[in-house]
Each structure stands twice: as structure tokens, then as C-alpha cells.
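Q: According to Swiss-Prot, the protein has these features:
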DOMAIN    14-98  domain 'GS beta-grasp'
DOMAIN    106-468  domain 'GS catalytic'
BINDING   131, 270, 358  Mg(2+) 1 binding site
BINDING   265, 266, 322, 328, 340, 360  L-glutamate binding site
MOD_RES   398  O-AMP-tyrosine
């Protein structure tokens, strides 16, 4: 049975009323348009659905706005939140004038990275396994006006609520600052919420593993299994969608901001990755930590291009409030076996099939398709140019003396990341995976955000400087 036939079987089986077409913008935000089921026939899968691309930031100008959503029938899944029976289908964005994939479509770029890897003869499969963390609050308020800039959040788990009056009483069980890793209830108040999120993800076909409380108060993580690059990008988009909507249904609010809370750990998205060829893992060998030489070159490519990668893996100004010393954030560009203070870690596994590299500096504000594709391209460049990462750093990098620390390269800041991407993008442009036009438009988009941040007076500036 064809994938398109399966879509129509799902429509019939669930008495579907709407087909929700979903696509991802350059920032990583999921968008949708709902088609009444009567408009969906086999021709739609051939011709696609037209939409206005000028309304999406970083895409078309208004005088060339027409674009096509090309449905991917393999992604069809029932939506768990819609009141009317709704079938979700993820889409790629195409150029109507050429009938080819749009060069700025993130999902298309991820597909192009997989295709380039195979055409280069290095590997035929790239696996990615992200570990995305998030915060859940009971309430959040923020305001940005000429005369007022503020934010305020509240969570019953927060250490700042220890003396707060609650209608049913303040029961006192809550994690302290940096004290939230793996406690049982009642200190962990989010277990049922996370279990619901994980169950909904499983219903949507996302392969799930576990859930647990994270280090910070009100911080959580769901574990999903690794998959191929594009498929994992799809799974991450549904991960965020489910987390936001289940939290909303519980009367709470979830955020994937890397650093919403000052003074506690931020949220990362560690990315486990490996490449295979003809069913064989390419990262297992007899070098350091039982890695292959090819795996070391892959790590070398990531470390060499890390500052350009930061523009995709840590794309927001808030990202760099997480990447500071003192909060378990991997700011040092080094690699090590099992050592979580290094930005590239090689987890211990007994099986060669499980041999992988964990890149620890990315965060969940990243567009998953672009971040995964950029990491793969950096790793492939390392392999092609035999870029060795140097000696491993097996000591605790957080405790290095100042003179040793100064010799270890670090991740960068928001502006430096964009400048680095501008100067170091040739590895991304191989095979036209990331086109020059796409990179320039992405830099422009993120520069707008950076300028908005840099030119806005901050409340702490009033505290420090008002009386100068």
C-alpha cells in the first residue's frame, strides 16, 4: 500500500474533518493551515497547496509571495488536541516557478544534508538523538513598552515561593536552586504532567524512552529515541508542540527558552549523533575511547566550526545567558570520554553500535532541522579534511587553573556567532545544502533580533546606573 493510500485510510478510519498542513520557518517555529477534508485528493499530493510566503519572516517579498506546501504523506498522524478530528501532515516548501525545493526551507535543507552525505560516499545514514530540556511555570507575565520593561513568572516549585500563601496551604516540598535532579514526589511535582506529555508523543508515533525532573526548579526533560536526521527534526517539532499543549491543558505554561531563570541552570539540547554506512556504525574503532579515526575527524570538524555552528545551535540572544561558567553549561570546546564538562562528550557504551558523539552546547531554541544539518556538515567537513581535534581533555574543565583555561577555545556570543557564520560558511555550502542566499537571509533575520536586544535599555541598567 502506498503512503498516500495510507493517508486516505486514516481519513476514513478516524472520520477526519480537517487535514492540518504544517511547515517550519527559519526560526524553527511551526506554522499550519487547515484544509477541509473535501479538498484533499490524490492531486494535492502531486500539486501541493499554494500559500503566501511573504507573511513568513525571512522568506519571500510581497511581490514574489506565492509558495507551495508539498505534503509528505509519510508524516501523517492524528492530532491529539483538536476538537474536530484532524490529521496532521508535515510539508516541505517548494518554489512554484521551478517546482524545486525552496532553498530557505529548513526541512528541505535537512533533506539536502542527508543527500549530500550519501553523495559524498562517506555514509548513508546519520542518526541524531536530542535531549531537550524545558521549564514549566504556573504563570508568566512580560511587557516591553517605552516606559516599562519587565517579566515575572511564578511556579509552585520555585524556591522563591517558600513563604507564599496558597489557598490549600504551602506544603513546602520543593527543589532548591540546582537541586531538582531526579527527586521523587512531592518534591518533583511534575511527574504526572511529564508522563502525559510522553504518552501523547507515543500516540503520535514519536519513539519515547523516559521522563524526569531536571536540575533547576520547574525544569524537565522527556527522553525520545534517536532517529534519522530529518525524522528527528520532525520528532522535535512535535516534542515542542506536545509539551506546549499538554502544559496548556493543565493550566500551566511551558518554555524552551535556554535561560528564563537567573541564578539556576538553563535548558540545553544535547545532541547525540553518529553516522553509518551499509548497516555498519562508522564511529566505533580502536582510537581514543574506542572511537574510529573517522569519528575523531568528525569531532574535529565540529570544534573547528563551532563558532559558526553557534548561529544555528544557539540562535537567540538568550542562548548566551546559558553559556556561562557555573551552571554546568559546556562553554569549553574540548572533547572527552564521559566528561560532562566538555562540549563534545563520548558516552560510555559497550556495543560498537551505540558509539556516538554528544555535542552539549546546543539549546532548544534552535531550529532542529538547521541545527542538525549544520552539525552534520561540520562533521563531514572534518572527515573530508582530516581535521584532528587534538588531545582529549579528561580532567574536570570547570576546575582548570586560569592559565590552562585560557588555552582552551570557547563557544562565543550572539554577535560573534553571526560574524563567524558570515566568515565561515563554505563547509555549509557544499552541495548547495545551505545556499549563500539562505545564509545571508538567516544572518539578517537574527541580526534584527540582536539589534532589538542591544538597543533596548535593560532594567538592571537602571539599578546600576540610574544615579550616575
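The backbone N, Cα and C atoms fix where each Cβ goes, glycine too.
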Q: Given a 10 Å Cβ-Cβ cut-off, pick out the one of the binding-site residues 270, 322, 340, 360 that has the most other Cβ atoms nearby.
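A: Checking each of 270, 322, 340, 360, the winner is 322.
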Q: Counting distance between Cα atoms, which of the recorded positions 266, 322, 340, 398 is nearest residue 358 (Mg(2+) 1 binding site)?
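A: Looking at Cα distances from residue 358 (Mg(2+) 1 binding site), the smallest one goes to 340.
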Q: Tell me, by DSSP, whether residue 322 (L-glutamate binding site) is helix, strand or coil?
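A: Once the DSSP labels are grouped into three classes, residue 322 (L-glutamate binding site) ends up as helix.
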Q: For residue 266 (L-glutamate binding site), which DSSP three-state class applies?
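A: In three-state terms, residue 266 (L-glutamate binding site) counts as coil.
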Q: To see if you understand the setup: which same-chain residues, six or more apart in sequence, place their Cβ under 8 Å from that of residue 131 (Mg(2+) 1 binding site)?
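A: 221, 223, 268, 269, 270, 271, 272 - these are the non-local Cβ neighbours of residue 131 (Mg(2+) 1 binding site), listed in sequence order.
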Q: Over the span of the domain 'GS catalytic' (106-468), how high is the average pLDDT in this prediction?
A: 93
Q: Counting all other Cβ atoms within 10 Å across every protein chain shown, which of the recorded positions 265, 266, 358, 398 scores highest?
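A: That would be 266, with the highest Cβ count within 10 Å.
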Q: Residue counts in helix (H, G, I), strand (E, B) and coil for the domain 'GS beta-grasp' (14-98), per DSSP?
A: 18 helix, 35 strand, 32 coil
